[in-house]
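Student: Quick one: structure below, then a few questions.
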Amino acid sequence: MALDKSVILLPLLVLVLLVLGCLGRESRAKKFQRQHMDSGSSPSSNSTYCNQMMKRRSMTQGRCKPVNTFVHEPLVDVQNVCFQEKVTCKNGQTNCFKSKSSMHITDCRLTNGSRYPNCAYRTSPKERRIIVACEGSPYVPVHFDASVEDST
């Protein structure tokens, strides 16, 4: 009798643990938003912007992320890039798209000699076209691939 219950309860326990694990995991779209979206602010020439944002957005935990870009445009405008000019991603995949117009961004680059846990970044505000990888349903940005100067 006790063995019958354990045979039934064990698979149920495994299923519950799998579901709970998935619920706690950040989706690729949410990770993109956390790492790259800063819609509520303008590009800042404040030299501490990147140091503050990289720490606030959990990109200096365990290591210093070497490069990151924040986009200062409404999320819907960045999501719309997924339906603009299709381009090849840096890694050769074909799910990247380039914005049709320039966007306000801030590039953050780890300064030479900076080491974890004292991550220090150079802040560079720019206006550039962005290239993002998109996937899912709905089709949304999941990876920031690059930024390029507007050729027009």
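The backbone N, Cα and C atoms fix where each Cβ goes, and this holds for glycine too.
Found this in Swiss-Prot, in case it helps:
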ACT_SITE  His36  active site, proton acceptor
ACT_SITE  His143  active site, proton donor
BINDING   Lys31, Arg34, Lys65, Pro66, Val67, Asn68, Thr69, Lys90, Arg109  substrate binding site
DISULFID  Cys50-Cys108  disulfide bond
DISULFID  Cys64-Cys119  disulfide bond
DISULFID  Cys82-Cys134  disulfide bond
DISULFID  Cys89-Cys96  disulfide bond
CARBOHYD  Asn46  N-linked glycosylation site
CARBOHYD  Asn112  N-linked glycosylation site
SIGNAL    1-24  signal peptide
Student: Around Cys134 (disulfide bond), which residues of its chain at least 6 apart sit with Cβ under 8 Å of its Cβ?
Tutor: Val81, Cys82, Asn95, Cys96, Phe97, Val140, Pro141, Val142
Student: Return only the integer: C-alpha distance in Å from the residue listed as 'active site, proton acceptor' to Thr69 (substrate binding site).
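Tutor: If we compare the Cα positions of the residue listed as 'active site, proton acceptor' and Thr69 (substrate binding site), the gap is 6 Å.
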Student: Just to verify a number: CA distance, Cys64 (disulfide bond) to Arg109 (substrate binding site), in angstrom, no decimals.
Tutor: 10
Student: On a C-alpha basis, identify the one among Asn46, Cys108, His143 that is nearest to Lys31 (substrate binding site); the candidates are the recorded positions.
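Tutor: Result for Lys31 (substrate binding site): the nearest of the recorded positions is His143.
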Student: Suppose we draw a 10 Å sphere around the Cβ of Cys82 (disulfide bond). How many other Cβ atoms does it contain, all chains included?
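Tutor: Within a 10 Å radius of the Cβ of Cys82 (disulfide bond) lie 20 other Cβ atoms.
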Student: Return the residues near Cys89 (disulfide bond), defined as same-chain residues 6+ apart in sequence whose C-beta is under 8 angstroms from its C-beta, sorted by sequence, else 'none'.
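Tutor: Non-local contacts for Cys89 (disulfide bond): Asn95, Cys96, Ile131, Ala133, His143, Asp145.
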Student: Around the C-beta of Asn46 (N-linked glycosylation site), how many further C-beta atoms are within 10 angstroms, looking at every protein chain?
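Tutor: Taking all protein chains shown, Asn46 (N-linked glycosylation site) has 12 Cβ neighbours within 10 Å.
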Student: Looking only at Lys31, Arg34, Lys65, Pro66, Val67, Asn68, Thr69, Lys90, Arg109, the residues listed as binding substrate, what is the longest Cα to Cα distance in Å?
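Tutor: With Lys31, Arg34, Lys65, Pro66, Val67, Asn68, Thr69, Lys90, Arg109 as the binding residues for substrate, the largest Cα distance is 22 Å.
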Student: Taking the Cβ of Arg109 (substrate binding site) as centre, how many other Cβ atoms lie within 10 Å?
Tutor: 15
Student: Taking Cα atoms as reference points, rank the binding-site residues Lys65, Val67, Thr69 by distance from Asn46 (N-linked glycosylation site) and give the first.
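Tutor: Nearest by Cα distance to Asn46 (N-linked glycosylation site): Thr69.
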Student: Under 8 Å between C-beta atoms and at least six apart in sequence, can you list the same-chain neighbours of Cys50 (disulfide bond), or say none if there are none?
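Tutor: Listed in sequence order, they are Asn68, Thr106, Cys108, Arg109, Tyr121, Arg122, Thr123.
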Student: Of the binding-site residues Lys65, Val67, Thr69, which one sits closest to Cys119 (disulfide bond) when you measure Cα to Cα?
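Tutor: Closest candidate to Cys119 (disulfide bond), judged by Cα separation, is Lys65.
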